[in-house]
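So that you can see what the record holds, here are the features copied from TrEMBL:
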type	residues	note
DOMAIN	A:10-522	domain 'Cytochrome oxidase subunit I profile'
TRANSMEM	A:30-54	transmembrane segment
TRANSMEM	A:74-94	transmembrane segment
TRANSMEM	A:106-129	transmembrane segment
TRANSMEM	A:154-180	transmembrane segment
TRANSMEM	A:239-263	transmembrane segment
TRANSMEM	A:275-296	transmembrane segment
TRANSMEM	A:308-333	transmembrane segment
TRANSMEM	A:379-401	transmembrane segment
TRANSMEM	A:422-442	transmembrane segment
TRANSMEM	A:462-484	transmembrane segment
TRANSMEM	A:554-572	transmembrane segment
TRANSMEM	A:578-596	transmembrane segment
Amino acid sequence: MSTVASQKRGFGEVLWDYLTTVDHKKIAHLYLFGGGFFFLLGGLEAMAIRIQLIQPENDFVSAGFYNELLTMHGTTMIFLAAMPLIFALMNAVIPLQIGARDVAFPFLNSLGLWLFILGGILLNCSWFLGGAPDAGWTSYTPLSVTSPGHGVDFYVLGLQITGAGTLIAGINFLVTIINMRAPGMTYMRMPLFTWTTFVTSTLILFAFPALTIGLFLLMFDRMFGSAFFDVGLGGNSIIWQHLFWIFGHPEVYILILPAFGIFSDIIAANSKKRLFGYTAMVFATILIAFLGFMVWAHHMFTVGLGPVANSIFAIATMAIAVPTGIKIFNWLATMWGGRITINSAMLWALGFIPTFTMGGMTGVMVASVVADYQYHDTYFVVAHFHYVIVGGTIFGIFAGLHYWWPKMFGRVLHEGMGKLTFWTFLIGFHLTFFIQHFLGLMGMPRRYWVFLEGQGLDTGNLISTIGAFFMAFGVIVMLVNVVYTAVKGEKAVDDPWDGRTLEWTIASPPPHYNFKQAPLVRGLDPLWIEKTEGKGNVTPAEPLDDIHMPNSSFLPFLMSVGLFIAGFGFIYQVDYGWAYILLFGGMAMTLACMLIRSLKDDHGYHIPKVELEREAD
Amino acid sequence: MKGWMGKFRAIALLGLMSLVLSACGKENLTALDPKGYGADQSLYLIILSTVIMLFVLAIVMIVYTIVLIRYRKKKGQEDYIPKQVEGNKTLETVWTIIPIILLLIIAVPTITATFDLADESAASDSLNVEVTGNQYWWHFNYEGQEIQTSQDLYVPVGEKVYLNMMSSDVIHSFWVPSISGKMDVNPENENTMYIQAQEEGVYWGKCAEFCGPSHSLMDFKVIAVSQEEFDQWVEDMQNVNPEAEPESTVAQEGKSLFQENNCMSCHAIGSSPAQIGPNLTNFGDRSTLAGVEDLSKENLVDWIMDPESLKPGNKMTGNYPEVSEDEAGKIAEYLMQLEPSEITPESAGTE
Ligand code: HEM
Ligand SMILES: [Cu+2]
């Protein structure tokens with residue numbers, strides 16, 4: 001019924017549907033489009049950076065504009081591309097993997113999404129309103145406090161708003177995974193992607209408040225004349241670095257752990273094997289998360305913390321290599337003795353293993369303090385973290401998208417184009433970033449608008465830029481693939497990859513209530529168990545009955561718009577009195593929506609049993 | 001199969017190419033060809049950790065290759081279901097213990113070197129230089145010597161020179177890759193590091209902490225000369241008479257223009273510690289203009305007329321009256337003849 005209706009709906013209706021939806025599957029689509037858009041934007045900025053550095057003393061962009069590009073590239077990629085794309089996959093998959101009908105708080109899910117989107121738009125409005133932030137994605141004080149114009153103000157408020165969205169989303173997943181698992185889905189039967197999402201959400205819960213506080217202090221210094229970071233008035237500028245990295249280091253694991261989960265699921269499915277050392281994988285994840293909080297000062301080896309602090313943080317950092325190594329070997333052991341099918345999703349997983357191993361290698365090298373005195377703030381570090389973030393997170397997102405696309409959209413992405421994307425991106429990636437290790441050691445610091453002639457840095461930079469073009473080409477092929485698939489792609493079956501987990505037991509795409517009856521889970525890889533010893537599909541754990549569903553709501557969008565407006569108010573109250581109207585108006589709008597939400601009882605609705613029975617045939 | 005071989009070949013080629021490139025990294029800039037104690041220590045750890053990590057990578061790649069060759073789905077395997085292995089305690093213990101041992105091999109010398117490079121016990125018997133980072137230039141004050149310079153730091157070869165570093169504005173980072181690793185220059189507390197050049201030469205230094213539009217132009221030089229030459233240089237610098245009249249009339253006119261145009265409110269000549277702008281005492285002896293341009297009269301005229309075009313965001317722009325090209329030429333003539341010492345970058349041998 002609903003599917004027939006949806007085909008005939010006009011644009012306005014679809015738009016309204018998406019603006020008000022609280023369905024995790026549609027929210028996943030929105031995270032995908034939003035994150036995908038910002039990924040392209042960040043990529044465009046990266047290309048501009050690389051074109052500027054194609055030859056020494058180039059003048060493709062000016063110094064000020066370069067710094068804006070550089071800052072926005074980093075900020076966009078981390079906060080507005082990588083994380084939302086991961087949230088897209090989590091939203092699309094997690095409830096399905098644990099056999100749930102939705103996330104724990106559908107309303108909050110939608111609120112988190114809109115906060116991300118409007119925060120991201122606010123940040124990017126800076127381009128048109130006198131200049132983007134230009135103090136680096138890390139916004140070190142005092143540079144960020146003294147940066148003229150409103151660029152950094154947009155950074156502060158845009159990130160504050162998106163950050164709130166992220167925190168909300170994290171809490172939601174925590175509660176969902178704790179409370180909404182299907183009968184029989186014990187913790188030690190959860191798929192690895194669910195596990196890593198769970199641990200990641202914990203990291204978000206503890207890490208983001210540090211960012212929130214840092215941003216508040218910066219906001220007060222810039223807009224209200226406080227002096228938290230002003231040395232001249234008794235403040236301390238290094239405090240920002242501590243706050244930033246207490247958030248920022250776990251952030252790296254927030255990005256990488258879900259990717260680990262995605263690869264674990266994909267490698268097991270495509271090797272036709274149970275994940276090797278499941279328990280070790282789970283504990284390694286938890287250990288990595290824990291250590292992730294203990295090592296922030298390794299970003300500050302050259303700050304002058306002294307040899308004692310530097311040594312302690314060096315050892316703690318090296319320790320992370322152990323659980324990470326366990327993971328690499330367990331993945332290899334999962335494939336060992338298996339029957340490996342290589343499709344596009346698996347290609348990304350296979351490309352990930354050597355790439356990420358190299359990123360981890362340089363991670364240990366950077367942890368070696370005295371060696372880091374040379375690497376720090378150079379292209380070596382740029383290479384290192386792109387090996388980890390791109391080789392881990394972005395490869396993971398590509399892998400997950402190819403793997404779950406049929407579940408998300410009911411169509412399989414074109415394999416040929418998928419493989420072309422992979423190969424050009426992989427080759428382009430190594431061409432771009434491998435050489436940068438050497439550029440760094442040969443004396444090229446990071447965040448350099450130009451490098452000088454005659455310093456031996458020309459060839460390396462040229463190669464690096466050529467590589468970036470390959471990557472851009474790969475991404476374009478992926479876009480073509482998406483459009484082609486939407487128009488002509490083959491319809492997906494329920495279980496296109498011979499999967500092992502619960503999401504493959506229901507239709508592609510799933511009905512809006514997901515599971516007609518909650519499934520009964522009898523072990524790890526429930527679908528696989530049923531395939532090998534049962535009747536091919538999972539037994540229901542409950543009789544067919546009415547399904548309770550939440551109502552759509554426009555409030556989350558309005559609340560986010562309120563904060564968006566208030567953001568402009570905060571930024572411009574420094575210059576213009578009328579900006580207070582925006583400030584208080586926006587806040588009032590958000591608060592009014594919150595009040596409505598609290599006072600109005602919204603019990604949702606039920607899908608009656610008879611309708612479910614009718615749909616079955 | 002073909003695809004994989006292609007990838008390996010591409011990577012191998014890249015690796016080779018990079019090695020060739022690394023060999024031709026600019027001498028006196030690269031960290032791979034150390035000419036100082038700190039850089040030596042760093043390179044030792046870089047090599048040690050690289051070798052150990054390459055060993056790990058090799059093992060991963062061997063297993064990976066075997067897996068991909070042996071366990072790919074083959075024809076006729078459609079119905080084959082592999083054994084569902086749970087795990088293996090022994091194996092998992094092995095790949096936990098071995099990495100721990102490898103890490104310890106890196107950790108111990110790392111910590112030794114960390115404490116070694118932070119050792120300040122010899123500071124009171126050594127040459128101490130107060131370093132100030134500014135957007136976008138460096139100031140050096142030879143403590144107790146009444147010598148102020150900017151951009152070029154002269155040090156005696158083989159000696160430990162302690163640098164007491166602070167910033168006057170935002171955070172900068174002092175980095176001379178071929179002599180030593182970097183150290184941040186913060187606005188709130190003095191950071192101390194020592195450098196010890198092992199060979200005479202002119203070493204290129206860079207600011208490594210993002211500090212604004214001209215961050216990439218905040219270069220400086222460390223000039224390591226023999227102890228005798230250094231002593232001579234100190235004497236020459238201490239004997240500078242800032243009031244001395246230049247010989248040529250053009251330069252004399254330049255001198256008065258320099259004073260009339262308010263240049264002195266930021267710059268100093270002689271041992272005055274004022275440092276809103278670089279100290280110009282030995283300007284004519286410098287190796288570069290503003291850290292990045294060739295030191296020529298033409299470039300200097302361009303700089304005086306419009307510093308912004310050479311260094312965006314610098315703090316000289318707009319802080320003095322406009323000067324004509326003619327006037328700028330005279331000022332340049334004056335500044336270029338500020339050459340108090342015979343000991344110049346050329347004395348250090350290489351450029
Ligand atoms: C097309 C692919 C990409 C290219 C060619 C690229 C290129 C670059 C370059 C050249 C820099 C350093 C600029 C400098 O130091 O002057 C940089 C910085 C950075 N990149 Fe990328 N990048 C790419 C993708 C990504 C992705 C996918 C992420 C994260 C998800 C990312 C995160 C960052 C971050 C955090 C920085 C640091 C920014 C800063 O220092 O403030 N990049 N990128
Ligand atoms: Cu600087």
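Note: Cβ is positioned from N, Cα and C throughout, glycine not excepted.
Beyond the transmembrane segment (A:379-401), the same-chain residues lying 6 or more positions past its ends with a Cβ under 8 Å from any Cβ of the stretch are 32, 77-78, 82, 85-86, 89, 93, 252, 255-256, 258-260, 262-263, 266, 345-346, 348-349, 351-352, 355-356, 358-360, 362-363, 366, 413, 421-422, 425, 429, 432-437, 439-441, 444-446, 478. Sequence-remote contacts of a segment are chain residues at least 6 beyond its ends whose Cβ falls under 8 Å from one of its Cβ atoms, and for the transmembrane segment (A:462-484) they are 40, 43, 46-47, 50-51, 53-55, 398, 413-414, 417-418, 420-433, 435-436, 439.
Per-residue pLDDT, averaged across the domain 'Cytochrome oxidase subunit I profile' (A:10-522), gives 95. Here the transmembrane segment (A:74-94) has long-range neighbours at 24-25, 27-29, 31-32, 34-36, 38-39, 41-42, 45-46, 103, 109, 112-113, 116, 120, 123-124, 133, 136-138, 155, 159, 162-163, 166, 169, 173, 176-177, 193-194, 197, 251, 254-255, 258-259, 262, 389, 393-394, 396-397, 400-401, 404, 407-408, 503, meaning same-chain residues at least 6 beyond its ends whose C-beta is under 8 angstroms from one of its own.
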